[in-house]
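Annotated domain 'Acyl-coenzyme A oxidase N-terminal' per TrEMBL: 21-144, in sequence order. Look at TrEMBL and you will find 150, 189 tagged as FAD binding site. Per TrEMBL, the feature domain 'Acyl-CoA oxidase C-alpha1' maps to 286-447. Marked as active site, proton acceptor by TrEMBL: 432. Taken from TrEMBL, the feature domain 'Acyl-CoA oxidase C-terminal' covers 483-662.
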Ligand SMILES: CCCCCCCCCC/C=C\CCCCCCCC(=O)SCCNC(=O)CCNC(=O)[C@H](O)C(C)(C)COP(=O)(O)OP(=O)(O)OC[C@H]1O[C@@H](n2cnc3c(N)ncnc32)[C@H](O)[C@@H]1OP(=O)(O)O
Ligand SMILES: Cc1cc2nc3c(=O)[nH]c(=O)nc-3n(C[C@H](O)[C@H](O)[C@H](O)COP(=O)(O)OP(=O)(O)OC[C@H]3O[C@@H](n4cnc5c(N)ncnc54)[C@H](O)[C@@H]3O)c2cc1C
């Protein structure tokens, strides 16, 4: 990137950097070629004059904003075709490539559900014949789809969905119906005015029997005219906290008929005469959700890297207050409280990326085994994906909010882009499985694992530590990274044991297990969180250690500092747990605090270099505060001038309302 016009603070910061930023960029991308490919695509898209907005999207009406998002995303799809023609589902790997969407619209693409859930569901839930028919059309965007599962009345409790698909053997069709107001599909992205197809999750009935929820491939609009087909009631659900351009919709069916072969039949089937063939495992219907929960970690890492870049660069440019009399005002990044706000967010982005890759590799392996008929590892994968999606989305939202606060008043400006990123990340705590609901899924797995501990069984890898820490009351503490990881495992084991005991204590005669579970559920969520933190600490440390050996010593040192900062930050945050479950002393905690402050100081000179290492183009950052050149004040003023209110010196409301009010006041 050109160094001219860069503000003096950022020039100095970049000179201070002790490692080669390009090396970090390649590491994050997964190699030099991957960086080159990503940059090429970004360059083509971001320099396309059709992508640039004359009026910033936040000034547009709700309708205009959607239309603009569609227009620009269609241009993006056209450009991407060239770069993704060799990309098939089989060679799909999560990468930073799809981040280009943020350079096209600031908020969410109305096509996100097409790529993120429609295609993955077709790939994973259709039989070979169905896949051959639908997937190429979806990949090329000949048809546009979404994933319609949630209803007005039910989101978390999938078994409670009310939409019905009743098989009619006379015509070999399913008849879809929305029996009540609460059975309307509600929320699917792109459903309102973008998609012409969707996966509908509905209760299956055949030969008078109920077989639970199944996915169906449903055309909802005419391909030529886009008019909703007869029997389809579809529309938009209205403005939200964020996701303004996601085009979330509602959908109802009135005796809407689809061919029998439109039920996705990889796992379960309905034969011509209506005979139902059961799936080997009915939870395979939930497979897309597992896939997306895994992918969400990459998305969170990316959004955190955007927010981090904005807040760190701004903190280097911004001067405020004097630390010592008669000395210049400090760059706010030199206040240690500011470093405390910033650096944990920077390190968290790296942690989510490396743990995300580990989870992705686990997903690929388990999925391959499932393909061969071996479901043994599905419960463990589900438990992992649930708690990691839940904890990481909540942590990411907290970190983005902290980045916003770290930018003071300017962080509150939409033009900083922090409020939009905030909306995007906050939504992920709820969608694809609400936080507490997913944490309780992991807790189910932990309770079973504890039964295994009591029965002296060999546990699966991610919970094997429970056996190790099951007997000792307080585990020996050591002020090392290995000691911290053991400490987190001890806390998770202790909390699991207590949650298990709480259920037993609530299980008085006459009490159902489910009621005892509900009574103990605050402790169950706490046990899940502790388990998840133990995993985040163990995997991130081992992965960052491994990566540090693959790069130059200078960069390796920085990676280990970031990883150690993460462990130390969370040890201090969770000191109460460590005091309960390990022999940690107040003196040990004071040492941890001192090391934490030392790490902040070690990271400080490299802070701008580290966020430069995320290599996020200005067009993708979309921020007045975070641009590469640091021209913060100029950009704030340039953006303010774009306000339509500034187009005229006196607004007509003065003559209409204010002046009469003033005149009345005179009387
Ligand atoms: C080349 C092409 C490239 C394409 C790539 C795309 C890349 C693009 C990237 C885009 C990135 C992100 C896109 C994100 C967009 C997302 C937008 C949001 C979309 C949505 O929100 S869709 C709706 C999601 N809805 C939910 O998540 C609902 C949550 N609820 C549930 O999951 C379940 O109902 C439940 C809470 C788990 C409970 O289910 P149920 O009551 O049926 O089950 P039980 O509690 O009785 O448990 C029974 C038993 O089953 C186990 N189990 C439950 N779920 C699963 C599962 N998914 N897998 C395996 N096992 C499961 C459970 O643990 C129990 O086991 P046990 O009895 O204890 O042994
Ligand atoms: C931005 C956004 C995009 C979305 N996109 C889609 C989409 O494309 N397709 C789609 O199908 N859906 C989509 N959704 C819907 C989303 O998946 C659901 O909102 C989500 O699964 C939560 O379900 P719910 O809204 O029914 O919440 P509820 O389940 O009603 O949750 C409300 C409260 O009840 C609690 N609760 C519920 N059940 C339990 C329990 N068993 N134990 C303890 N507490 C419980 C929750 O913890 C929460 O505090 C989207 C949602 C959002 C916000």
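Just so you know, glycine gets a Cβ as well, placed from its N, Cα and C.
Unlike curated entries, TrEMBL annotations are predicted automatically.
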For residue 150 (FAD binding site), just count the other CB atoms lying within 10 A of its CB, please.
19
Averaged over the whole of the domain 'Acyl-coenzyme A oxidase N-terminal' (21-144), what is the pLDDT?
91
Please identify, from the recorded positions 189, 432, the residue with the sparsest Cβ neighbourhood, meaning fewest other Cβ atoms within 10 angstroms.
432
Calculate the distance in Å between the alpha carbons (Cα) of residue 432 (active site, proton acceptor) and residue 189 (FAD binding site), and round it to a whole number.
12
DSSP residue counts for the domain 'Acyl-coenzyme A oxidase N-terminal' (21-144), split into helix, strand and coil:
90 helix, 0 strand, 34 coil
